Structures are given as structure tokens and as C-alpha cells.
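Structure first, then comments.
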Amino acid sequence: MESLGLICEWNPFHNGHAYLLEEARRKFPEAVIVAVMSGNFVQRGEPAIISKRARSETALKQGADLVVELPLWWATQAADGFAKGAVSALTGLDCQSLIFGVEDANFTDYINLAQWEAAHPKKFESYLQASYQVSANMSYAERRHWALNQAIVKEDIVSASQVDFQQKSNTLLAYAYIREASLAKQKIAYYPIQRIGAQHRQDDTDVNLGSNFMSGSQIRRSLIEESEVYRGKLPLALQMQLEKAPVLGGWTALYPYLRYRLLTTPISELSDYYQVEEGIEYKMLAAAKQADNMTDFIGRCRNRNWSVSRLQRAALMLVLGVKKTSMAHYLAGPQPLNLLGMTSRGQSYLKTLNKATANSQWQLISRVNRQCEKMWPLWLNADRLYSLIMQTKDSENIGRQPIIIKKKETDK
């Protein structure tokens, strides 16, 4: 069976995501659409605004055939690590094609540049190092963009490339997917789809009330502020689900745990935690002594090299108690692919995967049991924390079976 991979967070699933699935189905009507999705904690280093199972169910009804959970230790990485884990997971699911949303209609130059970078790491590193002679005040992202522009100027094979990464989060992630796939020497066909409507992280206040599209950031802000601007921007089933319960969780609920960790851990031990580096622990500790909420905390710590997302990822590792040694173990070991849901077509595809995944480091899990807890306690404990801050007694994993959507239930 032909399979089409999709890397996503769907936090929450909105009309822009539905459009991408519609386009995927239009272009590949017989393909199995396989989605690797972040679980209850997402790449920005924060709890998902709605649970992984609810997001999965909506996606299945909107056209996805198989939704599996990207493990927490990959889902909460910066773009490169997130892309590496997600591409590897899709390979473990025997996907040879990848579809993604981007801001630019012509994506060929980005693909060529990403493949060049993967094939010439020493040259790219030399351009990266040269950026320090230009300015000592660039952020790492700015250095990367400068180095890529130097490659376009000096390398014949990419000299005609026209790329622009500014304010294009989807393009940046798609570029990372291609680079990581190329580094791993995976033969994957790429199918970019131009996004419509608001951009991924467009200014929360820049909302077109007449449009059916809002960015995920805008929708999350609307929900938190109990605004009704998001109405019509989400599939009806998800909109109704959100309206039944208050929006809980988030860093508002997590901040007391972070503050406790910072105030009770010796400063010499804080740098043992994953993603706590470059002396940021000193700023974090000072901020925790003064800030009563996460917004104030972030404002006291943020600088050119430490974006909101980077700070939140480091903070999340502190809350979850993840040290550098522990993270190295999780990244290098066997990887769980938690099956969240499937359609009838997805079920048929699963039957073909046994041989494909036999020699893979990825283990497809259809029922989470105590053995899973022994192998991957971080995953299950993180979801217990999520249930706690979302004020639900339901387990996110133990005893839960994959959601199964029959054909007649889709497109709702």
C-alpha cells in the first residue's frame, strides 16, 4: 500500500490542518496518510491545549488514517531534534513520502539547499564559524541563516537558490525534515503544500475575523482569554469538545512545579538537567525568586540566544526531572510508537508493517502496559502530570485502546 507521511502537532487541530489533509487526499486518493504527532507536550516546551487522544480523533475524522505519538524526548526538542525523531519514526512506519505545509509555493530551492547542507557539513560549519567574524551578537538562528546565505553566494550547486526563512516557521521545520532525512540517507519523496490563511506563529493580535483560518498561536490565545474569535476556525466536532470544558493546564498550572524545582535544587546541580546550559540556571534561579507567574519568569530570562520556546523546553525538563544522562539513554534506546488511532484503511496498512519494522528501533505499541512503564517511565509520568494539571482522572495511557474510526465516521 502507498503511504504518505505527515509530521504534526495539531495544537489544536484547525482548518489549516484540515486543508492540508484535504490536499493530501486529493493528490493521493489511494494513499494511507500516516501522521506522527506530538503527544501531550509539544515542541514549544508546553502542555498541549487539548489531549493527544482528542486531537488524534479529530484528525482521523478529517482524513488521517493512522496517528502515532512521537515520544516526548523527541517532541520537546528544538527543530533539528524534533525533525530527526519524527523522520526516523516515519521511516520506522515504512513511509517513503512526506507531505508538509509551507509558506512558499515553490519549495525546490529549499529542498536543494537542505540536501546540500546535509552533504557538506564541513563547508557549512566553516560558514557558520565565519559568522563570528561578522558579529558577536547574532543568535544561533541568525548565524545559521547567514551561513546558508553564504553558501548560496559561494557554492555553484545552490547559487541560484531563492530562499527566505524570515517569519516562516513551517518552512523552517520542513527544511529541517529534509536535512535530517538527507543526513540519515533516507530516500523520501517530498510533497510541499502551500499554506493558506494565517501563518503558524503569526502575531496573536493579527486576526482576520472574516477568514476561516487562524494560526495555532492565535487559537490558543483566543481559548485562554475565553474569546470566541476561534469559532468557525476549528472543525465543528473539536469546537464543540472545547466548549464543553474550560481550558486548563498550560504553564499557568506548571509554573509552581518549576519554581519549586529551582528553589530547592542546589545551583551546582541545575546544569545537570537537560537543555539547562550556558549558565541560564543562574538567570532562572534569580527569576524564580521574584516571578509569581511564567510570563514574568520568561521576561526575566529571555535574551537574544534564549527564545521563549527554548526557555520553556529547558523549564519543562526541570519540571519533569530529566537530566542530561537520562535524556541520552532515551534518545539512544528502543523507541515506542504509541498507536493513538486509525481508520479502517489504517488498520489494513498496519498488517503490512510487521516485516518493515522487524529490524527497526521503533516498536509499535497498540496497548500501553506495565512493561512500557518499566522501559519508558518518563513518557508515562509526563502524561500523569498532564492529567493532573488538566484536572482529569482518566489515564492517558494505561488501559486505553487505540481510537478506531470507521469509514462512514470520517469527514465530520
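Going from the start of the chain as shown, residues are counted 1 onward.
Just so you know, glycine gets a Cβ as well, placed from its N, Cα and C.
Nobody curates TrEMBL annotations by hand; they come from automatic prediction.
Bear in mind that the values here come from a model prediction, so they are computed numbers and not experimental data.
Taken from TrEMBL as is:
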BINDING   7-20, G101, N170, 195-196  ATP binding site
N170 (ATP binding site) CB neighbourhood, other CB atoms within 10 A: 21
Of W10, F13, Y19 (the binding-site residues), the residue whose Cβ has the fewest other Cβ atoms within 10 Å: Y19
Secondary-structure category, per DSSP, in which I7 (ATP binding site) falls: strand
N170 (ATP binding site): secondary structure state under DSSP, collapsed to three categories: helix
Close in space, distant in sequence - I7 (ATP binding site), Cβ under 8 Å, 6 or more apart: A35, V36, L70, A83, A86, V87, L90, L98, F100, L173, Y177
Local backbone state of F13 (ATP binding site), from DSSP in three classes: coil
